[in-house]
Every structure is written in C-alpha cells, then in structure tokens.
C-alpha cells in the first residue's frame, strides 16, 4: 500500500460513485420505531423530499472532492460520541465560551461542517424550520457510506439540536485517543449498546479516508507497540511516509497515509489489512489479532454482505445515541448558531 495522489483518488471516486448508486442496497427496518422517540417516517408529511435533497447536494460534491465522504462520516462519529447526536459539533462558541469541543486535539482535522450548513440552507428553502441539523449530519454520513459503495442504511429520524456546545474538557474525556486498544474500543461501543460483532463492524468506517501522521507517530512512542499485530514491512512504510518529526508538529499534522489500499471505496479491504497487520492505528492492527475480535474480522473480510448488515445495525445504534427529541432540543435555522 502506498499514498494515493488526489488525481488518482478523484478518478477512482468519479467512476465508482455512479456505480455505487445503482448497487447500494437499503438495509434497516422500514417500520415505525419508538427508539428514543425517532421514526423512519418522521418527515413524511413535513418535509418528504429531505433525503432526496441531502443526497443530491452530496453527489456532485463527492465527485469534486473524494475525501468528503470520510470527512462527513468522521463528523457524525465525533458529534455522536460527545454527549450524543445533537449537532453540537457545528456550533460556534456561544457568548463568552472560550474552549469548545472543536478545540479538543482529538477533533483535529474535522471538516465539512460548512457542507452540512449548505445542505441545511437548501432544506430551509424547501421546508423551513422542519429538519434539524443533527438529522442532516446523520443523513449526510449515511449517504457518504452509500455513495462510496457501502450499504444505503435506513435510519430513523426526528433528532433535535442542542442549545449549547460541550467544553473542550468534555470532548477530551469522551472521544477515544488515537492509541486506543481493543479493550478501550469494545467498552466504548458497548456503552452504546453494540455487540462485539457490531463494534468490529463500526470500525470498518476506517475503510475510507486517511490517517494523519501525528496519530500514526504516537504508536511508535507507545511502550506497548511491540505487542501490536504489526507487519514489520508495513511499519517501515509508515516510518518512511511519516518521518520522525514530533507528533505535535505542523508537518505531522499536514502529512497523512490512506486508511487502506482502496481508501475512497467502502469495502472490506480494511479487514484484509487488519488480518495482515497493516493497520495505521493501534486498534486497526490489534483488532485482527485479539481472540475476541479476530473471528469477526475474518468473517467480514470473507463476506461483504455480513459486514454491511452488521455495520448498518451499528450505525443505527450510534446515530440514535443520547438523541434529543420532542421538547428536549430545538431545530436551528442555521446550524452554527442557536436561534
């Protein structure tokens, strides 16, 4: 595996996105759900074109910028993991608030907040004050998976937006570190109701996108690095791709390596790499060796349908975590400000 040029990524993505729209399958329960007050038909009467508007807004953007899907998926993960899926990650500091969740080093590289805001603007023209920013984040992440070749997941909607953004301290405590191991990861997702199989599946989100070198270099400073399932040749590759500068330097932050050999396609290559010890992060390597997770890694590598089904189930659980519904939250007119 080697770093991909933006031209190569763009060409691959442009061709693949058209095919993925034809091949994606809808996975998920289509019936009404009372899970956290969400519903699969929430906007049926108030904004029936919501999913169409979100998808059409994203399709052209993904062709122009093939890194967008991974950015939107990460945006959703980081929003949901800090006090639930409430679009707080989109808010600018409120009044005298100095350090918000976006100031956390763990949120380094968060992008495409503006794209969510642009989609929200389009929705306001179609159906004012009906669709929450938190639902837009979930739908955008869902479509990011589908438009790169993954399953088109049916997600319940009806989330409301928060009135404030958590502090940097809260984000620091709730987002996992780049050095997270299997124990930390399984505990994190178990708290969101996921089985081990679903936890391994949701890690498959790493099949698209890149890893910044500041997170890769932290592995080499880890005293337990020698116990990781890491191919020595791949370690050499990482050291060449991410030279020995400080993990906190600007050079480390600006340099990155692809997550797997098909980093613009949502497929099972991540699991092939995990088995072979070719993971950028510690968890990416250890997940293929730990006896609790390896059977599922092997199963997903061999059976894409099983991976897609487990990922879809995990995605719905994560996107339904600690949501605000009814009068618990609001619907912002503009995503980065409270009305």
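Glycine too: its Cβ is placed from the backbone N, Cα and C atoms.
Listed by Swiss-Prot as binding Ca(2+) 2 are 260, 262, 267; the candidate from 195, 207, 325 that the record includes in that site is 207. Over all protein chains present, the Cβ of residue 85 (disulfide bond) has 29 other Cβ atoms lying within 10 Å. Cβ neighbour count for residue 47 (disulfide bond) (all protein chains, 10 Å cutoff from its Cβ): 18. Ranked by how many other Cβ atoms sit within 10 Å of their Cβ, the disulfide-bonded residues 80, 133 place 80 at the bottom.
With respect to their backbone Cα atoms, residue 85 (disulfide bond) and residue 133 (disulfide bond) stand 10 Å from each other.
A 10 Å cutoff on Cβ-Cβ distances gives residue 176 (substrate binding site) a total of 17 other Cβ atoms nearby, all chains included. Geometry remark: residue 176 (substrate binding site) versus residue 127 (disulfide bond), CA distance 37 Å. Between the CA atoms of residue 74 (site 'Transition state stabilizer') and residue 133 (disulfide bond) there is a gap of 16 Å, rounded to the nearest whole number.
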